[in-house]
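First comes the structure, then the notes that go with it.
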Amino acid sequence: MNRFYQTQIRLFESDCLNVSHFCFKESSLIGADCGSDITKPLDYEKWRSKRKETFLAGRLAVRHAQACLNEAAKDIPKSEDGSPVWPNEYAGSISHTDNQAVAVLLPRSERDIQYIGIDLERLDNADKLDAADLIGCEDEFVKLKSAGIEKAQRALLLFSLKESVYKALYPAVGEYFDFLDVALVSIEQTDVFVFQVRRTLSRRIESGYLVKGRYKMLGGHVMTWAYC
């Protein structure tokens, strides 16, 4: 059965956001009325069913997040590179894995934060990650160890945190950059991960720019978010 729910994530000590989750049964969205009022990309009909379902699930999670913020339902189109195009009123991010999609919206007028990214990963994918050196350097993994992160989960957590950082920064960068272009430089209060940009990525995101990230375990998944 398809269902929506929300979880709370923390930005600062007394500042939280709600994340909208949409859990769905495989093949339940295609050919149904779900998302019938969502504008589809021009090549949507050429997509495979799984890709269609992933797109719809993400946009339905966004609709739920909009409703929970009393925002009018608004389409979030895809840009030519596939990234979502957010309205000026708020930043946002979408992620999905298996049969679940998550979306978070950040009204810009309410906080001194311009960008946010979110990622959701299955914990049992931890042993499928190869080439940890493409995710981070040895010093970053040492920092995760010092924060008490189990060895089996360090690569997956760093991957997910950097995926969230990537999603947060991409609207201000506008082109691909590598996970090694940002580095975990410190961990505050054991659960606030501070990343630093290692080279200038755009006019707005210069070398030395800082992004903070956090994570939450959700059953068999880890959810991370990054903001700046």
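Counting starts with 1 at the first residue shown.
Note: Cβ is positioned from N, Cα and C throughout, glycine not excepted.
Because TrEMBL annotations are produced automatically, they should be read as predictions rather than curated entries.
Annotated features, as they stand in TrEMBL:
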BINDING   R51, R59, S95, H96, D119, E163, K167  CoA binding site
BINDING   D119, E121  Mg(2+) binding site
DOMAIN    49-104  domain '4'-phosphopantetheinyl transferase N-terminal'
DOMAIN    116-211  domain '4'-phosphopantetheinyl transferase'
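The structure, with features from TrEMBL marked on it.
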residue : record              : Cβ contacts under 8 Å, 6 or more apart
R51     : CoA binding site    : none
R59     : CoA binding site    : G35, I38, D75, I76, I94
S95     : CoA binding site    : G58, A101, V102, I118, D119, L120, E163, K167, M223
H96     : CoA binding site    : T54, A57, G58, V102, L120
E121    : Mg(2+) binding site : T97, L156, F159, S160, E163, H221, V222, M223, T224
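Binding-site extent for CoA: residues R51, R59, S95, H96, D119, E163, K167, maximum pairwise Cα distance 20 Å (rounded to the nearest whole number). Considering only the binding-site residues D119, E163, the Cβ with the fewest other Cβ atoms within 10 Å is that of E163. In the three-state DSSP reading, E163 (CoA binding site) counts as helix. If you take every residue in the domain '4'-phosphopantetheinyl transferase' (116-211) and average the pLDDT, you get 95. Look at R59 (CoA binding site): DSSP puts it in a helix. Per-class residue totals from DSSP over the domain '4'-phosphopantetheinyl transferase N-terminal' (49-104), listed helix then strand then coil: 20 helix, 15 strand, 21 coil.
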